[in-house]
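Novice: Sharing the feature lines straight out of TrEMBL:
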TRANSMEM  38-60  transmembrane segment
TRANSMEM  72-93  transmembrane segment
TRANSMEM  113-140  transmembrane segment
TRANSMEM  152-174  transmembrane segment
TRANSMEM  194-216  transmembrane segment
TRANSMEM  228-250  transmembrane segment
TRANSMEM  290-310  transmembrane segment
TRANSMEM  322-343  transmembrane segment
TRANSMEM  349-370  transmembrane segment
TRANSMEM  379-398  transmembrane segment
TRANSMEM  418-436  transmembrane segment
Amino acid sequence: MKKGLLTGLLLFGFFFGAGNLIFPPSLGLFSGEYFWPAVAGFILSGVGIPIITLIVGATSNGSFKHELETKVHSVFAVAFLAILYLSIGPFFAIPRTATVSYSISIQPFESALASMGISGTLSLFIYTVLYFAAAYWIAIHRSTILNSIGKILTPLFAGLILVLVLLGAIKYAGVAPMEATTAYQNGGSFGTGFIEGYNTLDALASVAFCVVAVNTLKKFHFSSKEEFTKTIIGVGLVTAVGFSILYLGLANLGNHFTVPADVLVDKAVNKGSYILAAASKDIFGVFGQVFLGAMVILTCFTTTVGLIVSTGEFFEELFPKYSYKVYATVFSLIGFGISNLGLNTVIKVSLPVLLILYPITIIMVVLIILNKFVLLSKIGMQLTVGLTVLVSVLTVLGDTLKLSALTTVMNQLPFSTLSLGWVVPALIGIVIAFVLSDKQKGEVFDFEKILAE
């Protein structure tokens, strides 16, 4: 149990980053009187899917790469995972964690810095130099990663958040929620909450972090497959409970915090960030912004370290010509460079790519689980993934390039209004995989093979 608890704390620290802080308060605000079904949907997709992905990856022979090779194709496996790791690593997620932490902790003081002759561009540069230097140092010293993150940083930032949400629950207990927005009304609260959880992108991160979980657990010298499996499940439970408690607390804070009318209509203001900043200032006075800044920097920093480690280890295994240290150095430098473009640019560029990768990840997890219990056709599984890729790419192209004719066609698919137009085509592919004759069974988890690697 201790093994699962320590690794669970490590994984929890990696996962809980920028999006995890911003989305729950916003959901709590806009869900209004439909708070509970909305939170249930959010926790299902923001906790359930990532944890299932983590467990599936950690108990698969060779992790996700091997599963993709046997069920789809080796070229697809390399291409998809390389793009996924680069996306949740140096190109998008790592810069986002840095820019979000800067925008909440440092940016509010830009006017004061400007009076000292330090521009916003310069302050961002200085901040990211310090941020990435520290993250790089911890990522390079992988032998101390469990102690530095799992035992120190994770309890610290979790404690900071718990203090905020507990005091907020007491202070704002008598404040009535605002009226729910249209998306949460007429039975749409659960579905809208589910999509908000999708936006945290933690299912993508699970593909990377399952490697860290396995590598960490291997150091505990398990005596049997049963002990290893129970510990993996324990890791999932620890991470899930931690997520659920903090998500619920942050969402409750947003549900009862009063947001001024002018802020509500200002599209340039991120409502989740505003609630965190305003509530911290209201509860802790002049120290509110300092408190929030420390909280956000810690959460984003632990995620950055985890992504550098996971991405570096993946590419070291994929292209062993270069060492882990080389990859960690390059990815840290790329993240540093892109983060200096600013938060809005990072988010704008990353969204289309992530909207393609997320459905593929979900459908691959579904196929892996199904194939462990029933025979499925490889051609059918290839078709399922192909349809998911096709629909996701066409949907993103239509929206991004403003191709109205293409968007109109894609909107005819069921659930397209929820950005889930790929679901029905994927289900059709799965049915075909049941029917076709070239069936294969998923491999049984090989405990000895995992330990030997």
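A Cβ is built for glycine as well, from the same backbone N, Cα and C atoms used for every other residue.
So that I understand the layout, could you describe where these features sit and how close they are to other parts?
Specialist: Here the transmembrane segment (38-60) has Cβ contacts under 8 Å with residues 11, 15, 20, 23-24, 27-28, 31, 66-67, 184, 189-198, 200, 202-203, 205-207, 209-211, 213-214, 217, 229, 232-233, 235-236, 239-240, 243-244, 247-248, 251, 361-362, 365, 368-369, 443, 445 of the same chain, all six or more residues outside its ends.
Through the fold, the transmembrane segment (72-93) approaches residues 17, 64-66, 201, 204-205, 207-208, 303, 307-308, 310-311, 314-315, 318, 330-332, 334-335, 338, 346, 349-350, 353-354, 357, 360-361, 381-382, 385 of its own chain, all at least 6 residues removed from its boundaries and within a Cβ separation under 8 Å.
Counting same-chain residues at least six beyond the ends of the transmembrane segment (113-140), those with a Cβ under 8 angstroms from any Cβ of the stretch are 98-99, 101-102, 106-107, 148-149, 297, 301, 304-305, 308-309, 312, 325, 328-329, 332-333, 335-336, 339-340, 342.
Among residues of the same chain six or more beyond the transmembrane segment (152-174), those with a C-beta under 8 A of the stretch's C-beta atoms are 9-10, 12-13, 16, 21, 242, 245-246, 249-250, 252-253, 256-258, 276, 279-280, 282-283, 291-292, 294-295, 298-299, 301-302.
With a threshold of 8 Å between CB atoms, the same-chain residues lying at least 6 positions outside the transmembrane segment (194-216) that come near it are 7, 10-11, 14-15, 19-20, 23, 26-27, 38, 41-47, 49-51, 53-58, 63-64, 81, 84-85, 87-89, 93, 145-146, 232, 235, 303, 306-307, 309-311, 313-314, 354, 357-358, 361-362, 365, 418-420, 450.
Same-chain residues lying 6 or more positions outside the transmembrane segment (322-343) and placing a CB less than 8 Å from one of its CB atoms are 89-91, 94-96, 98-100, 102-103, 121, 124-125, 128-129, 132, 135-136, 139-140, 142, 304, 308-309, 311-313, 315-316.
Taking Cβ pairs closer than 8 Å, the transmembrane segment (349-370) reaches residues 49, 52-53, 56, 60, 64, 67-68, 71, 80, 83-84, 87, 91-93, 96, 198, 201, 203-204, 207, 376, 381, 384-385, 388-389, 391-393, 395-396, 399-400, 419-420, 422, 426, 430, 433, 442 in its own chain, all 6 or more past its ends.
Nonlocal intrachain contacts for the transmembrane segment (418-436), taken as residues 6+ away from its ends with a CB within less than 8 angstroms of a stretch CB, comprise 191, 195, 198, 355, 359, 363, 366-367, 370, 374, 376-377, 379-381, 383-388, 390-392, 395, 410-411.
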Novice: Near the transmembrane segment (290-310), which residues from the same chain, at least 6 beyond its ends, have a CB less than 8 A from one of its CBs?
Specialist: 13-18, 20-21, 85, 88-89, 93-94, 97-98, 100-101, 104-106, 131-132, 134-136, 138-139, 142, 145, 149, 153-154, 156-157, 160-161, 164, 205, 208-209, 211-212, 276-277, 280-281, 284, 328, 331-332, 335
